[in-house]
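Engineer: In case it helps, TrEMBL gives these features for our protein:
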- 61-176: domain 'Ig-like' (DOMAIN)
- 207: active site, charge relay system (ACT_SITE)
- 333: active site, charge relay system (ACT_SITE)
- 362: active site, charge relay system (ACT_SITE)
């Protein structure tokens, strides 16, 4: 915990420094030379079918927008760290709901019903965005709050699916979550569709939430209950992600801190989890792989972390998905290495688009001099969900999806 706080204090000091006017000027001049040297504004690479590309360029023009990383914040690691500390938190008022699962557990859902929606005054047909946070995240994360803001300003309803035990609620059974187990997500989708059967649902997953979403869409195919999917910074190959995160600098900056966050969750629920795992042994984990070997594979019955990572990796499962999907990734993401992007697979699919930026880090994509608010990632999120909900027939036609195929 002390090490975790020291990292935060280091970055707070850095941010206080770069926020000073003269520092911004110096950094901007330095960045100008840097850009002239080679890192100029670049248009993201869009990999998808011709028909899907035409649809996205027409209804989601941000895909062809030039992306320039924040001048004083270039590089994937720096983008990721600065975003985690600097990003603003739009005010969002949630209505919490706890639902029960078949095994006796409970899931915490945070709703924004958006009853004041002008475009969709009728609650029964108001489109719903289902948001899946990252590995240790919940509805309070800045990227979730910004996503909710993007959706509600367009008149849509939002619900955040908090993984078991991740949002402060008690664990009722000694079971948490992992990227491969989609049972809880299926329970949530059924619940949402039960409440609003006439309202379309779009799933939006961030990082591990994106892995979970893609695994669910691949498993359920035409019976997913969703009209489309959107992922941001999703690791397509869990094994390659783990290797990248175990590089010395990535371990120090990210892996170690995330492992500590996972261990804190286990410690908070020690009383019930010690029935199935050696909690003290789990709490000694210093990497995500160690945590998975001591906790996740025990919870979910895998023989090794490698077996779990193979099952959790969604990249090769994309061909079995049956709804339009847009994935945003950065080539310099330390969590999702470029060599694991499923380029060849996506090129052969009519319903999946992969949007790649040269820079942007992990769940960051910071641009502008003071990137506290809306950035490229939020603009893409807002435009895509609007394109899906407002032009359902067009996007399905572009992706080769017939109406009778959808549940």
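Even glycines carry a Cβ here, placed using N, Cα and C.
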Engineer: I'd like the number of other C-beta atoms within 10 A of the C-beta of residue 207 (active site, charge relay system), please.
Structural biologist: 26
Engineer: Rounded to a whole angstrom, what is the C-alpha distance between residue 207 (active site, charge relay system) and residue 333 (active site, charge relay system)?
Structural biologist: 11
Engineer: Would you mind checking how many other C-beta atoms are within 10 angstroms of the C-beta on residue 362 (active site, charge relay system)?
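Structural biologist: A 10 Å sphere around the Cβ of residue 362 (active site, charge relay system) contains 26 other Cβ atoms.
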Engineer: Counting every protein chain present, what is the number of Cβ atoms, excluding its own, within 10 Å of the Cβ of residue 333 (active site, charge relay system)?
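Structural biologist: For residue 333 (active site, charge relay system), the 10 Å Cβ neighbour count is 29.
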Engineer: Looking only at C-alpha atoms, tell me how far residue 362 (active site, charge relay system) is from residue 333 (active site, charge relay system), rounded to the nearest Å.
Structural biologist: 5
Engineer: Helix, strand, coil residue numbers for the domain 'Ig-like' (61-176) per DSSP?
Structural biologist: 29 helix, 26 strand, 61 coil
